[in-house]
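Below is one structure, written out as structure tokens; comments come after it.
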């Protein structure tokens, strides 16, 4: 049987004989000497076939049928598959199992984004910076970083990549036009006040001011000397008299001074910098083509930026000043065109302003008035490098205003670097709740009791004004909206899943009265200024006390004292109950017994409270520590740290309602008081106080008396009453070491009163001096 060579993967039949008529032998240019076989084809020696036999492959030989052409076999398999019936469908369970085993490309992509900290960034791309915590985390992931996720799949920002800053300008190479920033002249009603009257007026406003050459506070807008057009705009907006922060901030800013304004939320800070900005801009030449802005305001959230934008437009309209709002969620191209056309005032979030500065949409050569509003919140969101980058684009002799509800170290450090000789104005207690807001706390058994409570109280709340309800999660917001909608309430929802257009539409309808109830996450907690809100309901408690303060600050805005804030707290939220007690006390509010009982379940709160009490038993005029009082007439009143007051005024008095001093301050005062008492009890040895050889009688004369040593028990003394002098033995004097002194009355100092005035000479410093 002949063999078939494999050429190119196909079987080629070989003829048994060659004939020149049928086949030409292969032509070769070179034939090796050791290869007599010209066509390199192996032959079988015993193969015999007639010369005219037909070629193999025609189907005649039985041996040829044993080998199958691979191409034919492949095509035959395809035909069989085509003719075969379709396979029966798999059961649903098997299909689901197979699907779970497969790696879905979309799912893998989303998982990879989440692992890298960008799972929520797609919805917040170029959306600015929100006050909703979930959206904040997503937006910051675009500009800044990596996230981790808690058990509820909430993002936690743990690291941020640096936003590429804009190189600061070399202002020494730029020739700036001079400008004026002092427009204030005291009216006789202000300059005529005496120093005592000014001090009393500032005390009534609860204002604390520090700085050089501070202008006096005003009593009305007329004292500012505003133009007639601006005064008409102020009256049109319903402003009757300035708020506390405005009374002191307006004359300072109009005088051209830099200011650090620290005031509680809802105090009217916006008008305190918008009104002087109008005067500042109108004094400068008009903008040329591609110039501007003159006034720049930076805010941490798009809601606050939009709110400032609306407020600024009201006062800029009489002067035809152009105001631009620059924040995320809006077309960047439209904002680019608006800035290119020119505007005098820009209200922006730091991230979007940096983007537009890189796009050359605006130039800062004419900017002379810079405002940083809610500076503490901007630092919380990690905007410090962006703020510094923006400040580096503005001329150094600008006027800079910084407003904040709190003053952390980072904000303090920035203020020292970018402000020039600032005046610091503090209104009320830093970081405290608005005392004008009535706070009501309801302790409920569980979350299931919250909705019935809200349905019962809500109609009465709506009669007083608009209602803002805060919930902790977006799902809870949707649930409350659905429940209230079913019962006919005109309600709207606001949270991080809403796009910017729907948020603006919802807020506009809420302001215009289409909706009477707005339920929201913390997206609305900062900067939302709606004067029609009379009631705030904390349906869920805030994650931290600072956010709680800003939540309830949405009512009682700009001096309105009609606001009420309700907080619903359950039995499981004992930790927050203790913090809420401190907040209520600091704001001068009543603390319900139910809330105090709940707070006492918290070990930390209970330990701190017991330490201020100093134990349960009161002293009865005996020395030593541990008593809650001590001494006659002082049973348990003076409450110091761990039951001691040391006569230094550092204890907590329950009747005065004062806030207890920090532990560090108490210990420092304790140390100082003990050292003073220690030093005053000893005198140095000298020739003038020679020991006497005679012992005084037990009935000591009246000249040998000293007051009891104060301070080692709250309200008490060492060995007796502080208000009653005791006859005691004279203090022993110190003698040289070569002559040991015996602890007898013969070694007593006969003149203790004169020797007490002299300082003891120590050979080495004591431990208290180190």
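Using the three backbone atoms N, Cα and C, a Cβ is placed for every residue, glycine included.
Sequence-distant neighbours of residue 270 (ATP binding site): residues of the same chain at least 6 apart with a C-beta under 8 Å from its C-beta are 307, 308, 311, 373, 529. According to Swiss-Prot, the feature ATP binding site maps to 263, 264, 265, 266, 267, 268, 269, 270.
For 14-26 (among others), the entry in Swiss-Prot reads compositional bias 'Polar residues'.
For 34-43, the entry in Swiss-Prot reads compositional bias 'Acidic residues'.
According to Swiss-Prot, the feature compositional bias 'Low complexity' maps to 44-55 (among others).
Among the features that Swiss-Prot reports, compositional bias 'Basic and acidic residues' is placed at 604-613 (among others).
Residues or ranges marked as compositional bias 'Gly residues' by Swiss-Prot: 621-635.
Annotation comment: Swiss-Prot describes 683-697 (among others) as compositional bias 'Low complexity'.
Annotated compositional bias 'Polar residues' per Swiss-Prot: 744-753 (among others), in sequence order.
Among the features that Swiss-Prot reports, compositional bias 'Basic and acidic residues' is placed at 754-770 (among others).
Here Swiss-Prot flags 250-425 as domain 'Helicase ATP-binding'.
The domain 'Helicase C-terminal' annotation in Swiss-Prot covers 436-599.
Under the heading region 'Disordered', Swiss-Prot lists 1-106 (among others).
Per Swiss-Prot, the feature region 'Disordered' maps to 604-640 (among others).
What Swiss-Prot lists as region 'Disordered' is 683-704 (among others).
The region 'Disordered' feature in Swiss-Prot is assigned to 729-770 (among others).
Look at Swiss-Prot and you will find 219-247 tagged as motif 'Q motif'. Non-local neighbours of the motif 'Q motif' (219-247) in the same chain are 183-187, 189-190, 201, 205-207, 254, 261, 263, 267-269, 271-272, 275, 278-279, 282, 314-315, 317-319, 425, 427-428, 558-559; each lies 6+ residues outside the stretch with a CB under 8 Å from one of its CB atoms.
Annotation note: residue 264 (ATP binding site) sits in a coil segment as assigned by DSSP. Mean predicted confidence for the motif 'DEAD box' (373-376): the pLDDT average there is 88. Within 10 Å of the C-beta of residue 268 (ATP binding site) we count 20 further C-beta atoms, all protein chains included. Applying DSSP to the motif 'Q motif' (219-247) sorts its residues as follows: 17 helix, 0 strand, 12 coil. Cβ-based neighbour count (10 Å, all protein chains) for residue 263 (ATP binding site) stands at 25. All protein chains considered, the CB of residue 264 (ATP binding site) has 26 other CB atoms within 10 Å. A C-beta separation below 8 Å, combined with a sequence spacing of at least six in one chain, links residue 269 (ATP binding site) to 245, 249, 261, 263, 373, 403.
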